[in-house]
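Over in TrEMBL, the protein carries these features:
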type	residues	note
COMPBIAS	8-20	compositional bias 'Pro residues'
COMPBIAS	39-49	compositional bias 'Basic and acidic residues'
DOMAIN	33-87	domain 'HTH cro/C1-type'
REGION	1-26	region 'Disordered'
REGION	39-66	region 'Disordered'
Amino acid sequence: MADIVPFPRAPHPVRPPSNGPEPLWRDLLGDQLRRRRHDRGETLSETAEKAGVSPQYLSEVERGRKEPSSEMIAAIAGALDATLVELTSAVAEELRQATPAAAVVSASRGAFALAA
């Protein structure tokens, strides 16, 4: 018969209760796009024309109203002389800063394995 061998308890990250909802990716993406466009001194129409989208669509993306495809994000990033990696990395960093750090707590139950 096999023996039951307990695994050591490992802490599991658990998100602590927050005071509000976590920011949405599309909101942070829109903020990043607007900031980059303003830094370049461009209007919605100028950037939209370079990206091949309508100014209305770009406005909705910047306001977090639209969830653009990766192709659209790449086109808008290109119009702002940024790469997709640069843009998504900047958004990910903002998300990290805006999200409370995960608390580490012990598991309530240990895991077990059968030894042969």
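Keep in mind that glycine also has a Cβ here, set from the backbone N, Cα and C atoms.
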Seminar exercise, completed: Lying 6 or more residues past either end of the compositional bias 'Basic and acidic residues' (39-49) yet within Cβ distance under 8 Å of it, the residues of that chain are 55, 57-59, 62, 76, 79-81
For this session: For the compositional bias 'Basic and acidic residues' (39-49), give the DSSP counts of helix residues, strand residues and coil residues.
Result: 7 helix, 0 strand, 4 coil
